[in-house]
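Participant: Dropping a structure here in structure tokens format, bear with me for questions.
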Amino acid sequence: MPHDHSDHPHALLPPDPALRVKALETILTRKGLIDPATLDEIIDIYQNKIGPQNGARVVAKAWSDPAFKARLLADATAVVADLGYFGRQGEHMVVVENTPEQHNMVVCTLCSCYPWPLLGIPPGWYKSDAYRARAVREPRKVLADFGVTLSDESSVRVWDSTAEVRYLILPMRPAGTEGLSEEELAELVTRDSMIGTGLPKVPS
Amino acid sequence: MTRVHDMGGRFGDGPVVPDAEGAPVFATEWHGRALAVTLAAGALGQWNIDVSRHTRELLSPKDYMRFSYYEKWISGLADLLVQTGVLTREDFEEGGAVQRHPLAERKLKAAAVAGALAKGGPADRPSDVPVSFETGQAVRTLQISGNRLVEGGHTRLPIYAAGAKGHILKLHGTHVLPDSSAHGLGEAPEPLYAVVFPASELWADPEHPGDEVVLDLWQSYLEAV
């Protein structure tokens with residue numbers, strides 16, 4: 001497995017990516033190794049059931065309940081599992097908190113590691129070369145691509161997900177949200193605010 | 001030296017183009033298929049996550065750069081299926097003979113998907129390797145990033161963080177060592193730490209004096225300062 005080959009087997013499949021996937025699916029199905037209904041089920045789960053609404057619920061609860069927040073920051077894996085969020089690509093969770101002094105951002109420079117049970121499948125930009133290359137070196141310029149400007153008083157801590165630990169950012173609760181329910185707060189929590197490339201919405 | 005995937009800090013990639021929050025999870029139908037075929041084939045149990053990552057890294061630099069994200073997945077999967085002997089090159093050339101495969105009984109069934117995803121694949125393991133560093137301790141990463149067991153092998157110390165001085169933020173426990181696990185050399189679990197580095201240790205022109213980068217690094221990537 002360590003050896004380099006100049007004749008990769010993938011080159012035997014059709015070059016068009018849609019046809020390449022189809023060819024592989026067909027071969028594996030004919031061999032009895034995969035089932036198209038299984039593929040439909042996997043796609044349905046990540047399209048419709050697991051997504052950033054899960055993380056938003058965790059954030060809203062942390063904004064509402066100081067004891068929950070303290071437990072979440074101390075042992076996120078167990079705490080989010082109690083809410084039903086665990087499994088593939090979320091086996092080891094850490095939640096880090098934004099403060100007026102420190103903004104946090106998550107990247108995976110080596111591939112595309114991302115907390116699937118809480119945020120779902122990563123968006124295209126998270127997996128792009130531009131984000132992977134630049135987020136660690138010039139986080140403020142990357143934030144500018146998202147329309148976010150930080151104050152000069154705030155430092156940035158970028159978390160490069162190089163192991164099987166997955167990171168979720170706990171953004172700061174927006175001003176003017178006193179008295180909102182957890183459900184209402186969750187509506188303000190964007191996916192990007194939990195990656196650290198955005199800020200939560202402010203109530204209109 | 002590392003490989004083409006190790007791009008942290010690189011110049012020249014242009015702007016990041018954000019997607020709308022409500023954009024489709026899969027931009028096109030085949031993206032979802034590519035992800036699902038990869039996960040379903042992984043469930044046959046013939047490789048682990050480190051092997052699968054390394055296979056994508058073994059794409060030639062030319063292919064790695066021209067392939068879109070899910071093209072890397074699907075091409076990596078094709079290569080992996082042949083490397084592990086699940087399929088042969090002839091299967092690709094001839095479209096696959098219609099005969100029952102010995103691994104067919106391991107096929108992931110639709111009803112088992114939710115349970116398999118919920119189970120996941122934890123990477124923490126008991127380890128005999130004593131913990132060498134404590135929180136707050138100064139450490140330096142290896143001067144040269146690279147797999148010490150296999151030439152050109154898998155490693156998770158990015159080149160931009162090689163030879164950098166930082167300090168231990170947190171011990172995550174003891175985790176499978178990808179440098180070993182990606183090459184069938186055993187899981188070799190050892191302590192894994194979050195290590196924090198000042199941006200000025202990593203970049204010639206950091207944006208702000210207070211900026212930092214945190215990486216998760218195995219004990220064998222680190223030396224006491």
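Every residue, even glycine, has its Cβ placed from backbone N, Cα and C.
Curation does not apply to TrEMBL; its annotations are automatic.
Sharing the features that TrEMBL gives for it:
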BINDING   A:CYS108, A:CYS111, A:SER112, A:CYS113  Fe(3+) binding site
DOMAIN    A:17-197  domain 'Nitrile hydratase alpha/Thiocyanate hydrolase gamma'
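Could you place these features in context, so I can see how deep they sit and what lies close by?
Facilitator: Long-range Cβ contacts of A:SER112 (Fe(3+) binding site) within its own chain (separation 6+, distance under 8 Å): A:PRO122, A:TYR126, A:LYS127, A:ARG132.
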Participant: Within the domain 'Nitrile hydratase alpha/Thiocyanate hydrolase gamma' (A:17-197), what mean pLDDT does the predicted structure show?
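Facilitator: For the domain 'Nitrile hydratase alpha/Thiocyanate hydrolase gamma' (A:17-197), the model's average pLDDT rounds to 97.
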Participant: If you draw a 10 Å sphere on the Cβ of A:CYS111 (Fe(3+) binding site), how many other Cβ atoms land inside?
Facilitator: 18
Participant: List nothing but the one residue from A:CYS108, A:CYS113 whose Cβ has the fewest other Cβ atoms within 10 Å; the candidates are the binding-site residues.
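Facilitator: Result for the binding-site residues A:CYS108, A:CYS113: minimum number of other Cβ atoms within 10 Å at A:CYS108.
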Participant: Taking the centroid of the Cβ atoms of A:CYS108, A:CYS111, A:SER112, A:CYS113 (Fe(3+) site), which other same-chain residues have Cβ within 8 Å of it?
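Facilitator: For the Fe(3+) site, the extra neighbours are A:THR109, A:LEU110, A:TYR114, A:PRO122, A:LYS127, A:ARG132, A:SER161.
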Participant: Which ones, of the binding-site residues A:CYS108, A:CYS111, A:SER112, A:CYS113, are Cβ-proximal to chain B (under 8 Å)?
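Facilitator: Cβ contacts with B, in sequence order: A:CYS111, A:SER112.
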